[in-house]
Amino acid sequence: MKYLREALSVYFIMGSTNCRKNPIQVLKEAIAGGITLFQFREKGEGGLMGLEKYALAKEFQAICKKHQIPFIVNDDIELALEIEADGVHIGQEDEPVKTVRERIGDKILGVSVHTTEEARIALRDGADYFGIGPVFPTKTKLDARQSRGTTLIQTLRMEGYTVPIVGIGGITSENAASVIKAGADGVSVITAISQADSPMVAASVLRNIVEEEKWSEQNV
Ligand SMILES: Cc1ncc(COP(=O)(O)OP(=O)(O)O)c(N)n1
Ligand SMILES: Cc1nc(C(=O)O)sc1CCOP(=O)(O)O
Ligand SMILES: [Mg+2]
């Protein structure tokens, strides 16, 4: 994808269990506020399965398509292929990067990395972007690792990695700028948008922060 770096700016992730309001409404508001990429992450206790999961994925995908927001599926390669999603995101505990790349062809492939060695291997095996986290403590992902700030993002940039990167985990409007300053191309959030009183305002605030920080970096 030609504009992946820009598309990563405000990367909203959500499943049906992440919202207080109707998830369809939350996604529409988030799009109105200016999210640039969406990941369907339906997992954990109470998460939909089977046909219900499929139906929600299709509904989310149709909304994203209407607004030209790329639609990424978390973990579930079968689903991504079946509905012709724009891409998938996988972690170190999921199917190997190499196999997933072979299965999805030129769809977007995001990979979670936690060390420079994982980064080297993910890039070699076909990752298009890295998700790095948790940058800050998060309650959303129960099996998340210890939060380690922006250290790995900075290290990879210092080592010359130019691959698109998003920070994830506990990111809010208070700390988003520090993630971009560290070298990320965007911020990936669940709670900051899905639990906001106004997902539209929350998305818009994050978008402004990220764009401003990227713009000021280009002009130093
Ligand atoms: C953008 C982004 N970054 C990281 C993750 C986490 O992926 P993973 O480690 O596979 O954990 P789960 O999300 O599957 O619980 C992500 N989903 N998106
Ligand atoms: C899905 C996910 N992955 C993480 C990682 O560290 O890889 S942290 C996380 C949860 C992010 O949710 P919130 O914005 O609510 O903190
Ligand atoms: Mg995963």
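All positions are counted from 1 along the displayed chain.
Using N, Cα and C of the backbone, Cβ positions are placed for all residues, glycine too.
Whatever TrEMBL says is automated annotation, not expert-curated.
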> Hey, TrEMBL has 4-amino-2-methyl-5-(diphosphooxymethyl)pyrimidine bound by Gln39, Phe40, Arg41, Glu42, Lys43, Asn74, Ser112. Any idea which of Lys21, Lys139, Lys141 it lists too?
Replying inline: Lys141
> What's the CA-CA gap between Arg41 (4-amino-2-methyl-5-(diphosphooxymethyl)pyrimidine binding site) and Asp75 (Mg(2+) binding site) in angstrom, rounded?
Replying inline: 8
> If you average the pLDDT over the domain 'Thiamine phosphate synthase/TenI' (10-193), what number do you get?
Replying inline: 97
> Roughly how many angstrom lie between the C-alpha atoms of Asn74 (4-amino-2-methyl-5-(diphosphooxymethyl)pyrimidine binding site) and Asp94 (Mg(2+) binding site)?
Replying inline: 10
> So which of the binding-site residues Gln39, Arg41, Glu42, Lys43, Asp94, Lys141 sit close to ligand 3, that is, with a CB under 6 Å from an atom of it?
Replying inline: Asp94
>> Among Arg41, Lys43, Lys141, the binding-site residues in question, whose Cβ has the most other Cβ atoms within 10 Å in this structure?
In response: Arg41
> Going along the chain, which residues six or more apart from Phe40 (4-amino-2-methyl-5-(diphosphooxymethyl)pyrimidine binding site) have their CB under 8 A from its CB?
Replying inline: Met14, Gly15, Leu56, Ala57, Phe60, Gln61, Phe71, Ile72, Val73, Asn74, Ala85
